[in-house]
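Now, the feature entries from Swiss-Prot:
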type	residues	note
DOMAIN	7-209	domain 'ABC transporter'
BINDING	Gly39, His40, Asn41, Gly42, Ile43, Gly44, Lys45, Thr46	ATP binding site
Amino acid sequence: MFEQHKLSLQNLSCQRGERVLFRALTCDFNSGDFVQIEGHNGIGKTSLLRILAGLVRPLEGEVRWDSEAISKQREQYHQNLLYLGHLSGVKPELTAWENLQFYQRISQAEQNTDMLWDLLEKVGLLGREDLPAAQLSAGQQKRIALGRLWLSQAPLWILDEPFTAIDKKGVEILTALFDEHAQRGGIVLLTSHQEVPSSHLQKLNLAAYKAE
């Protein structure tokens with residue numbers, strides 16, 4: 001179980017170019033929350049996740065982790081965060097096995113090869129473990145990146161379209177993992193164009209905060 005945490009969004013507004021996407025977004029995400037960020041294309045879902053991950057600053061407002069602005073505790077905050085964006089982030093020159101082994105080494109997960117074999121099976125890459133990532137499809141590279149979820153000890157997961165290029169069985173496996181993470185006291189925030197098969201899922205629709 002994780003310690004109790006809270007991610008607070010305080011009066012957030014977001015601008016892209018000359019256009020304000022949303023404004024006055026205030027809400028809290030608490031330990032145990034599994035939330036899908038919704039809204040039409042272009043409303044700022046990815047921009048919001050990047051703000052929450054500390055990659056960009058909001059036009060107005062601030063994000064707080066356990067009551068302190070993330071801008072004042074960047075190192076500590078990022079130790080508590082796993083962010084997976086649109087780009088896979090895998091090292092193309094390394095094999096699938098070597099990429100997962102690298103993730104294992106930089107995480108606080110148990111270091112053993114049995115876990116890696118199990119992980120390769122979970123992400124559907126058994127038989128392709130010795131291929132350089134550069135020779136794999138975009139979907140297979142995405143699966144390597146998703147392997148980090150099973151190795152992560154971070155309580156806060158921020159995931160931009162994690163189901164892209166994933167089949168139905170893979171979506172079910174990932175959703176079960178997200179449910180489990182939330183039940184352990186973690187926080188899962190994601191975007192998805194697909195239906196998320198979870199009875200625990202909450203939804204936040206950015207249309208309610210669309211700038212006039």
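Any Cβ shown, glycine's included, is placed from N, Cα and C.
Where Swiss-Prot records a feature, it is marked here on the structure.
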{"residue": "Gly39", "record": "ATP binding site", "Cβ within 10 Å": "19"}
{"residue": "His40", "record": "ATP binding site", "Cβ within 10 Å": "10"}
{"residue": "Asn41", "record": "ATP binding site", "Cβ within 10 Å": "6"}
{"residue": "Gly42", "record": "ATP binding site", "Cβ within 10 Å": "11"}
{"residue": "Ile43", "record": "ATP binding site", "Cβ within 10 Å": "20"}
{"residue": "Gly44", "record": "ATP binding site", "Cβ within 10 Å": "26"}
{"residue": "Lys45", "record": "ATP binding site", "Cβ within 10 Å": "24"}
{"residue": "Thr46", "record": "ATP binding site", "Cβ within 10 Å": "16"}
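Taking the mean position of the Cβ atoms of Gly39, His40, Asn41, Gly42, Ile43, Gly44, Lys45, Thr46 as the ATP site, the remaining same-chain residues with a Cβ inside 8 Å of that point are Leu21, Ser47, Leu206.
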